[in-house]
Amino acid sequence: MAIDENKQKALAAALGQIEKQFGKGSIMRLGEDRSMDVETISTGSLSLDIALGAGGLPMGRIVEIYGPESSGKTTLTLQVIAAAQREGKTCAFIDAEHALDPVYARKLGVDIDNLLCSQPDTGEQALEICDALARSGAVDVIVVDSVAALTPKAEIEGEIGDSHMGLAARMMSQAMRKLAGNLKQSNTLLIFINQIRMKIGVMFGNPETTTGGNALKFYASVRLDIRRIGAVKEGDNVVGSETRVKVVKNKIAAPFKQAEFQILYGEGINFYGELVDLGVKEKLIEKAGAWYSYNGEKIGQGKANATTWLKENPATAKEIEKRVRELLLSNQNATPDFAVDDSEGVAETNEDF
């Protein structure tokens, strides 16, 4: 619908004044917004990248990854860091739990010599460091491990047994308000790892909740629920975990999709095993009996041998990955924010843990 000429002039003057006062790009028509196409970083799992709909985790946004103990939360974030570093990005790890294992991180492909690491004394210090790194515009990925370990200064200086109701929730709420805009401006991805707690006295519905209040749930563009669903065995030896990740909230594509993959001890996500499964599913890799073939060439008898062949032939693996991404990501459209619902995820609570 055409706008009146006088209104057009008034609008142009107003836009000019806003840009003069707040800088170029402070207001623009949505169709002209250069950030409409969200840049993403791979999670290290092809099936999870596809479940996310955009091909990975979105830059300039807040992401929450939560789950029970030993479910693979830290492993997943280290795989994201490794993928980002391979693209030449700078990453930081805020180790509030003081439990980061550099030897394990190196095994997962992380360049620990170029990984920024901080072990803050208080929750406020950790969040201020995040904000300073984001405002610098020089850091691309920040991981905070974990929200539950972000202890307010007042609690650290107080006695054990003192009541500090809602302190952590208030601290997180204030930090989210401050961080969201800075992350968007600097196009920095901020990943929070979170733990699960049980609400007492819940008779119906999900008794699980996450720590740190409600602010993180609202500000996060993506929330991932990660669970260990079984063991990977070689004979009688357990060599890894079968893992399921559910996309509980997604502001960049359709939510509630799931991905299942293996996390192998000392190796991380079994990417090439996923590639074989998805290649067969999309008919890019032919399977006849126990034999796997690609473009008429046999690549292995049994999944383990086919996986090993792809590891040894990275150019072919990259070609198959590219074709799988084109097939499975091309038809996925973004959904509006109002279509996103946390109802099937972790229950909301006003309590602070």
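Even glycines carry a Cβ here, placed using N, Cα and C.
Some features that Swiss-Prot has for this protein:
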- G67, P68, E69, S70, S71, G72, K73, T74: ATP binding site (BINDING)
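The ATP site is defined by G67, P68, E69, S70, S71, G72, K73, T74, and by the 8 Å test on Cβ atoms against their centroid, the other residues of the chain that qualify are I226, R228. Scoring each of the binding-site residues (S70, T74) by how many neighbouring Cβ atoms lie within 10 Å, the top position goes to T74.
Same-chain residues at least 6 positions away in sequence with a Cβ under 8 Å from that of S71 (ATP binding site) are, in sequence order, I226, R227, R228, T243.
In sequence order, K73, I196, D225, I226, R227 make up the list of same-chain residues 6 or more apart from G67 (ATP binding site) whose Cβ falls under 8 Å from its Cβ. Other Cβ atoms within 10 Å of the Cβ of G72 (ATP binding site) number 24 in total over all chains. There are 8 other CB atoms within 10 A of the CB of E69 (ATP binding site), with all protein chains counted. DSSP assigns T74 (ATP binding site) to a helix.
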